[in-house]
Amino acid sequence: MSLLKNRLTYLTISFTLLALAFPLISIGTSQGPAWLWQLGLSSLIAGGMIPPLYRLLSHRSTEFDEPESSSDAQKTH
Amino acid sequence: MQETSIPINLWFWLLAVSPLLVMSFLLVKLRWTAQQAGAIGMLFAGTVAFFAFKTSAEVLAVAGAKGIWDSVSILLVIWPALFLHHTMNQSGGYEAMRQGVVKFSRNELFVIIALGWVFSSFLQGISGFGTPIVVVAPLLVAIGVKPIYAVAIPLIAHMWGKFFGTMAVGWLATLQVVTLDAPTIASTALQTAILLMIQVVLGGFWIVWMYGRLPAIKHAWPLVLIIAAIHGFGQIIVVIFDPVLSAFIPATAAMLALYPLSRWRRFAEPITNIPNRPAMQADLVKDFVDRKTPMQLSMSFAPYILLTLLTLSGSLIGPLKSALGQFKFGMSFPAVESGYGIINSAVDTYSAIAPMSNPGFFILVTALITVLVYRSRGYYKAWAIESSQPSPGLTKSLISSAIPASVPIIAFLVMARLMDHSGQNQVLAYGIAAVAPTYAFAFLSNGIGVIGAFATSSSTSSNVLLSDLQLTIAKLKGLPEATILAAQSAGGAIGNAIAPANLVLGASTTGISGKEGDIMRKTLSWTLVAFVLTGVATLVLLMLNL
């Protein structure tokens, strides 16, 4: 759970799981074996569950609504 | 469009629309981030599909994987665009540009119209896939526009070019999925261009209103009417001869018109009579302390000129276009069928992507050349010293902005495919058609396009998914196919203003990731007004029987 405390870390895990799902499902459904697409679907669901899970698990609600700390918009001025 | 055995009733219609409603509620009302709201929308669509629409796990998996693949063409734009954005930001390019723009015109509103409307429309004419938003939004921030407005302004202003933009990719894709005779095709193109005129005029006045309410309208109305005439009438005229160029030519003409318009005294001098400017966080002329920039205006604009030249070459030079499009790839999927008989055929290469003819390729080449030139001239080091901010580095900046932008885009497009493969989209459209009398359906038909674009974040996808269905219903109700298809196409363009992926694109390049709901609040009202006006115009077209 400590990994999920960092916004970029949890989003990177989520992104990786979502991206991984694509080839697993494509190969698994086209050529088999079936467990490959089942693994891909699980990866897709897990990747999708991470962002809302982060919101529910974290108690520091103010973090959610803040824009990224490295606001480029402000840096330009 | 295949016949469906899904019950068309209120319960199923509510179930079908629930993923979109839940996602919008979380995004706009509860202000969840796009990552969180998008993921919930995706999981919700999958749950509804599985439990209510008899969609098996394998169908869900195939739909999900196709959705991930659909997002790749957008991600291919946003990653290079963010790379270019950080390149400009960390080299002092934006500051050089702002100082140069002030010399070009000291009229803040003129500059906003020039960048936010005219330049974004030009980019849409040749590029698309979100390029106008990711390029223009940070430029607007650089001249003092609040980030939320900096995204909303180009988002609203370039919608008119969505359908016939990107060398008419939406139009060509639509013709692939419907069967029409030549006169109907010509009539559809013309009526679409007429309906898009609403977005031209409304978009222009809306962004001026956002800038400074009624005093801004009083100041800028001649400029808005001139640009609107060039864009709107230009598109109507060109579409008669060649729909492929019907957004590009007027958008380019408007770009050329900017120079003489900037010489007009009314739009050359700073504005003094607009006291309330809600869109601005700083004054273009007064509130900036000019810092010594490492480069001149020409060097700061050079990447955008290069980008324009590369994109134009890739679109208009036939041999180059075909050479770049040679390398394509995609993956295969088997045929799948839901329990309600929604069939998706097997494909050897699903939605093949040609990465080198994607706009992202030209942005990437531009960004790489820019980095090489700027680095060789020492701009990064010079700007880090001048701005007293240590540069975080391009790679780190890119990853920390592109990953948060990529997750929701994938989630939104997976949600769209889940809704498509389970039959939720069909229920949405058939449900509206079932309860709406003939003319009410005609009025609402552009709304179906809006929903399609909102769900898929793409006017092209909206048309590919829904055009055939709209034509089927039009025939059943005895309505002219050309008018209904035109309404669908116009609606598909309108819906992009609230499309979550577009909100994410803009938010990520203006440093307000997580504020997508706030941007949607700004664009939602325009979307609703454009929908109603397009509905009324559709009825007028029916009466005129073009």
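Cβ atoms are placed via backbone N, Cα and C, with glycine included.
Annotations in TrEMBL come from automatic prediction, not curation.
From a predicted model like this one, the values you see are computed outputs, not experimental measurements.
What TrEMBL lists as transmembrane segment is B:6-28, B:40-62, B:68-88, B:109-127, B:133-156, B:188-208, B:220-238, B:301-320, B:359-376, B:397-416, B:428-455, B:524-544 (among others).
Tertiary proximity for the transmembrane segment (B:40-62) is limited to same-chain residues at least six positions away from its ends with a CB under 8 Å from its CB atoms, namely 6, 12, 15-16, 18-20, 22-23, 26, 32, 333-334, 336-340, 342, 344, 411-412, 414-415, 418-419, 421-424. When Cβ-Cβ distances under 8 Å to the transmembrane segment (B:109-127) are tallied for each of B:6-28, B:301-320, B:359-376, the top count falls to B:301-320. Across B:133-156, B:220-238, B:428-455, stretch B:428-455 shows the highest tally of CB pairs under 8 A with the transmembrane segment (B:6-28).
Taking Cβ pairs closer than 8 Å, the transmembrane segment (B:188-208) reaches residues 109, 112-113, 116-117, 153, 156-160, 163-164, 171, 180, 216-217, 220-221, 224, 227-228, 231-233, 235-236, 239-240, 243, 246, 446, 481-483, 485-487, 489-490, 493-494, 526, 529-530, 533-534, 537-538, 541, 546 in its own chain, all 6 or more past its ends.
Here the transmembrane segment (B:428-455) has long-range neighbours at 4, 8-10, 12-13, 16-17, 20, 195, 415-416, 419, 461-463, 465-466, 469-470, 473-474, 476-479, 483-484, 487-496, 498-500, 527, 531, 534-536, 538-539, 542, meaning same-chain residues at least 6 beyond its ends whose C-beta is under 8 angstroms from one of its own.
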